[in-house]
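Asker: Just dropping this structure here.
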């Protein structure tokens, strides 16, 4: 620390510089991580993307091969995991839950099959084979498997555009099986390839709006059954539905309307009671079956089928017949089945996984989303081979299963057995079931999907999310299911691009009596230093946002210089970029930093980097940017960068620390 007295800096500046140098000796420098071989780096990246949860950790750390095989089988078939501790108490709870959800699954299955323009018996078939498969491969203890209204309506809307269920019912039925096969194949592939994150492209707000819109459309479609209409529009938008209803006002059957309103009132009343008193959940769970029984008795004894009340008619006895030979893989229908299967399969995955995770959170256990995809996929593939159409984990049925006290997936097995008994012996009892009762069951179930409280919460919390929700809702209600889905995905992707393409960048200031620097908008009491500004970039720097960040940084500098000129303070000399939130950067981002550095150099300003991460340092080092800017201008923290710049403001111009004749570089002391 020897100084020549002939130097043109004062003794106080020398003392200050000595103190700064002493502190610098205690500051660790920003390190560049050691280079890794390309293949190892690629492997680590793929592991983070595809195996973030490290699912094979237990298997990998097990030394014995026999134990590894056992753990592998337990990983693929979760039933082998929980079956070891299964006991009689669990069985009692699962039997009660299974019988309870069967009482809901039977009438709902028949209703949703009608909604999909499929034979009602398919709703029962779909509650037999898929639940058995899920019980073996599924990881959720509470999910109750079955058909859902939205997927049923979407199946009818997409297949019905090209094939009429009335004019060509056989081909329509076979296409439904084929679409289910493709949905299961897609779901299985997503799970095996660990690509579950692709399904999450539908945001929570988009799902709320889409489900509410689909529920509204389903309810409007059921006015056909409530009013006893024989002919109805195939369109799903509200305008077409209302036009079809009111253009046939002379065909309305008052008998059907009154009966439907009575059963709808009964179903909604039971739901209200169960909501107010959760212990009475079984009332709303049994209400659909009770409605079917009383509706059938009403028609039978009063011969209501001769007075405008439409009935189901004969249901075929026996369990699921094979349908693998009925799959259609010929042009032009294979494209239609593929498109229908992919779209309905994605929706089914999004709903099923969301429902499973919700109930897993309540009981404090985890489910593997990728394993769930494989389970859903396999149950739909096997279902398509056994006369079933698309199934997933509906919320209403799973909520009943949860409230009934289920312990494991055995409740799905019990439900499947109950449905099998119904198929073998009880289907003739549904002959007189009125269609208006099925419409009432669907409407009562769908009203629960219109979650206006969640929409109001979105309005209060995030206006853009509310706009996403509203757009999805309006797209479904006034357009088609496909338009609503496209809007949901499109706006969700747009928001994702906005997050990436327009990252937040804000001015930082020092909180008094600390070495902490924070956003001055969040902390108005934070102070800024004259002659420098600190900008925090809140996100990765990619080709999509590099131009925006360059322009935004330039605007900050222009605004700060203009403010300094008006206040006649010291001119701006240092620009500190806090890159602590920049997790990654691409070549466009590096080019942007190089361009910013050149622009600042031409304006006699110095770029200073604070808190760059490992990935950032690795790429900045390879691109020679560190050599360009000088390692002395890269600091571990914002506080260190400010300290160095503050000292230089009082001793030299920002071009280089060697501007002070005879004084060594700051970081090389």
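Placed from the backbone N, Cα and C atoms, the Cβ positions cover glycine too.
Where the annotation comes from TrEMBL, it is an automatic prediction and has not been curated.
Just so it is clear, the model here is predicted, and its values are computed rather than measured.
Take a look at what TrEMBL says about it:
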type: TRANSMEM; residues: 142-159; note: transmembrane segment
type: TRANSMEM; residues: 171-193; note: transmembrane segment
type: TRANSMEM; residues: 205-223; note: transmembrane segment
type: TRANSMEM; residues: 251-268; note: transmembrane segment
type: TRANSMEM; residues: 280-302; note: transmembrane segment
type: TRANSMEM; residues: 342-362; note: transmembrane segment
type: TRANSMEM; residues: 374-396; note: transmembrane segment
type: TRANSMEM; residues: 408-426; note: transmembrane segment
type: TRANSMEM; residues: 431-450; note: transmembrane segment
type: TRANSMEM; residues: 470-498; note: transmembrane segment
type: DOMAIN; residues: 522-645; note: domain 'STAS'
Asker: So what pLDDT does the domain 'STAS' (522-645) average out to?
Answerer: 89
Asker: Give me the DSSP three-state residue breakdown of the domain 'STAS' (522-645), ordered helix, strand, coil.
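Answerer: Split by secondary structure, the domain 'STAS' (522-645) comes out as 63 helix, 22 strand, 39 coil.
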Asker: Tally Cβ pairs under 8 Å between the transmembrane segment (374-396) and each listed stretch (408-426, 431-450, 470-498), then give the stretch with the top tally.
Answerer: 431-450
Asker: Do at least three C-beta pairs under 8 angstroms join the transmembrane segment (408-426) to the transmembrane segment (171-193), pairs 6 or more apart in sequence?
Answerer: no
Asker: Going along the chain, which residues at least six beyond the ends of the transmembrane segment (205-223) come within the CB cut-off of under 8 Å?
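Answerer: Beyond its ends, the transmembrane segment (205-223) has Cβ neighbours at 115, 149-150, 153-154, 229, 232, 236-238, 241-242, 245, 350-351, 354, 439-440, 442-443, 446-452, 454-455, 458, 462, 465-466, 468-477, 481, 484-485, 488-489, 491-492.
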Asker: Counting only residues 6+ away from its ends, which parts of the chain sit with a Cβ under 8 Å from the transmembrane segment (470-498)?
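Answerer: Apart from its flanks, the transmembrane segment (470-498) reaches 153-154, 157-158, 201-203, 205-210, 212-214, 216-217, 235-239, 343, 347, 455, 464, 544.
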Asker: Grab the same-chain neighbours of the transmembrane segment (431-450) for me: Cβ-Cβ under 8 Å, and only residues 6 or more beyond its ends, written as numbers and ranges.
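Answerer: Tertiary neighbours of the transmembrane segment (431-450) are 107-108, 110-112, 114-115, 149-150, 211-212, 214-216, 218-219, 222-226, 228, 256, 259-260, 263-264, 267-268, 271, 288, 291-292, 295-300, 304-305, 309-315, 395-396.
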